[in-house]
Amino acid sequence: MSLALTWVLLDPVRSQQCPPGNPLLVHQFMEIGADQRVPAQHRVPSSLDPLYGVVRRYLDVVQQNPFPAGIGTPGPGLNHKRQLLRKRRLCHAGCISHLLKRGSFLLRWAQNPPLPAERAARPPGSSKAGALMQGDRRGVQSVVEQFAVPRQQIIGDLNNVSRSIGLTIHSLLKEQVYSVLEGIQGRAQDLQTSLHHLQILNKTVRTLTHFQDELGLALRDRKESAVSLLDSPRCTSCARALGKAQSLEPGADYSRVPSVEQVLKTLSGLPKANFPDLIDQGNSTFNSMPDLAVAKMAQVVQDLKDEVNKVSEKVQSIADSFPVSDYTQPLNDALMQAENKSRPYLQEVKHYEKYRWVVGIVLCSVVLLVVACNLLGLSLGACGLAMREDPSDYESRGEAGAKFLLVGVGFSFLFSWLLILLVFATFLVGGNVQTLVCKNWANQEIYKFIDTPGNLPPSMNLTQLLSLKRNLNLTSAYQECKKGAGLWDVLQLRDAYNLEDHLHLSQYTRDFQKRLDNFNLHFEEIHFLDGAGRRDLETFRQSGIDQLDYPTFQAEMQNPVVRTSLEDLARDLEGLRKIQNNITIAGRLANESQALWKIQNATVLTQEALVVKLNESVQFLSAMAPHLQPLLKRTMAEIALVETMLPVQAQRLLRHEIGCFTRKELGYFSQYLNWVRRTMTEDVASCQPLVTALDNGRVILCDRIAEPWNAFWFSLGCCTFFLVPSIIFAIKLTKHFRPIRNRLISTASEETYPFHIPRVTALKL
C-alpha cells in the first residue's frame, strides 16, 4: 500500500511539465512595410525640463481663457455681422489649413536629415507619404509567403517527434525501472553472498571444534607438568607464575554455537534462476521504447505533414480576400497634396536657420559681455579695495574695476531696448503657439473644433474628404487609429472585410490537432522476473537466515582461545630459568617454555585466524539479518507494482508528451497569425502611421521648437529684467572703487603737533 502511494505521489506525469529542453522558439519574420513605418517621436528628457515647466506655468497664468469650442450663429437680419462671420470662418479655415501645411512641413523637415540637392528634388510619388496608405497586394502576398517559416519548423519537429517522445518516456520512467532492476540485482547478490558466508561459517565452526579438542588435550598435559614444576620447593620465585599455569585451559567452546545446517539445506542449489540474464532482458526491453515509438508513429507523422501542407493553402485565402488599395486612394491623394505643398518651405527654413543661429549667438554674446564686464569690475574693484590702505590712495585695479562696471552700464543702456523688443516679439509668437496650438493639440481640442459643424466651410469637410465612416469624425478616427485600427475600421469600404475572421487559429489547426488527439500507442508489458526467480527470492525469504542466534556467535568469539596467554607464560618461564640455581629445574623450565611456544604457534594462532574469518561472516550475516525481510518484501512489491503500472504510466506520459507537442506546434501557428495581425494592422494596412505622423508634428512643433523658443525669450526676459538692478548696483559701486580725492579727517594713527600762526608786528626803525 505504501509503495502504491509513493508511486502516485511521485507520478512522473504529475511532477513533469512540458520538457524545458525543447522550448517554443520565437520566429523572426521578414519585415513587411518597414520602409513605410513612421518612427514615433518622443519628448527627450533634458536638464532644461524644470525651465520648460516654469515657462508653461507662467503662460497658463497669463492666458487662462479656454480654447473656443465653436463659433456662435448670428441672429437673423444682421447681414453685416453674417458677412463678418463668414470672413472670420474663412480666416479660421485659412489659418487651420496653413497650420496643417506648416505642421506637415515641420514633420517632413524634422524627420529627414539635410539632403543633397538631387535627392531633395526627387518626385513626390517616391516618398514614404505616398506609400504610407498603400494596402498593396504584394505586401499581403509577402505576409502569406512568410508561413514558410513556421511550416519549416513544424516539419522539422515532426521528423523528430517520435524519437523525442520515446526518449522522454524512457527518461521519465527509467528511475523506477532501474530502481527495480537494481533491487533484483541486490537481492540476488544478497542470496549468493549469504549462502557463501553460511558455508564459511559452518565449515569454520567444524574446524574450530576439531582444533578445540586437540588443544584441550595438549593444554591438560602442559598444565599438570607446569603446575608440578612451579609448585616444587626447589623452584626459586616460581609462585608468581603458578597462577597462570593453573589457567592453562581452553577459553571458547564452539560446540555451543547454533547450527546453520538447516538453513544451508534450505538454500541448497540456489539460485536456480539466471538473474543476470533476467536483468539484461528487462533492461533491453525497456531501452527499446524509443525505437518502438518511432515505428508506431511513422504513419501519423506523415499524415500530420500532409495537414501542414493543407494549411498553407488555407493561409493563401488571406491574400485572396484582402481588399485592394483603390479604397485608400482619396486619403493617399490628400497626403500627396499636403506633401507637395510642404516642399517649398524646406529651402526657406534652411535659409532662415543660419540667421537664427547668428541672432542667437549675438544676443547671448551681448548678455555675456555685460556679465563679463560686471564680473571683471567686481573682481578688480574688490581686489583694489583689499590692497588699498588709505581711501585717498590711487589704486589701478580699483580704478579698472570701476571702469569695467561703467562699460557694463553702457552696454546695458545700449542694448536693453533691443532686448526688450525682441523679448516682446518672441513672447507674442511663442506664447500664442504654446497656449493656442500646442496645449489644445495635446488634449485634442483642435480636432474637436474641426469636427464641430459650422467652424469650417462645407468645402473643407474632412470626414468626406478622407472617406471616413459615417459614424466617425476626425476625433474618433484619430482615437481609433491611435489604438492600432486598420484602414477597414475607419474608411468606407464597399465590401465589408473583417481581418479577425481570417485569423482564427482553429480553422487552420483543427484537423492537425484532431489527428494528434486520436493517436494511441500500446506499449508491451515488461516482466522483470520469471517463475524460477520469484521462487528463489521466496525461498531466500523463508530460509530462516534472519532467525539465527547471532549474539551467541558473537559472545563466544569474544572469549580467548586459551584463558591465559601462552606467550606471557612462556616468557615468565624463560625469565625464571635464568635465576634458578638448580640446573635440573632450569632445564625443565626451558622445556616447558618451548612446549608452550610450540602450542602457541601450531594451534593457537591457527584457531585465532579461523576466529577472525568466522567473525567476518557473522558480522555480515548479523548486519543483513534485520533488513532481509523488509528488503525482500519491498523488492517483490516494487516488481509487482512496476510491472502493473509501467504500461499505464507509459500511456499517460505518451498523452502528456503529445499534448506538449501539440501546444508547441499550435504556438507556432498562433505566433504566425499574431504576426500577420500585427503586420497587417501596423504596416501593410494600418492608419496608425498617419496618427503617429500627426503626433510627431506636435512633438516637433511644441516640444522641440516652441518650448526652446519660449525658454529662450523667458531666459532673455529674465536677463533683461535684471539689467536694471545691475545698472543701479554698478553705479553705486563705482564711487567706492575710486579713491577719495579730499581727505576731510586724519587717521587716528598720525601724531598731532601744535601749529602757531605768526602775528604781523611793526618794525621799529
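A Cβ is built for glycine as well, from the same backbone N, Cα and C atoms used for every other residue.
TrEMBL annotations: computationally assigned, not manually curated.
Note that the structure is a prediction, hence the values are computed from the model and not measured.
Sequence annotations record features per position, and here TrEMBL assigns coiled coil to 294-321. Nonlocal intrachain contacts for the coiled coil (294-321), taken as residues 6+ away from its ends with a CB within less than 8 angstroms of a stretch CB, comprise 137, 140-141, 143-144, 147, 151, 154-155, 158-159, 161-163, 165-166, 497, 502-503, 507-509, 511-512, 515-516, 519, 521, 669, 676.
Annotation source TrEMBL lists signal peptide at 1-15.
Positions annotated as transmembrane segment by TrEMBL: 357-383 (among others). Residues 397-398, 400-405, 407-408, 411-412, 415, 419, 422, 712, 716, 719, 723, 726, 730, 733, 736-737 of the same chain lie 6+ residues outside the transmembrane segment (357-383) yet bring a C-beta within less than 8 angstroms of a C-beta in it.
Long-range contacts of the transmembrane segment (404-429) within the same chain: residues 363, 366-367, 369-370, 373-374, 376-378, 380-381, 709, 712-713, 716-717, 719-720, 723, 726-727, 730-731, 733-734, 737, each at least 6 residues beyond the stretch ends and with a Cβ under 8 Å from a Cβ of the stretch. What TrEMBL lists as transmembrane segment is 404-429 (among others).
TrEMBL lists 711-731 (among others) with the feature transmembrane segment.
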Local confidence of the prediction over the coiled coil (294-321), expressed as mean pLDDT: 87
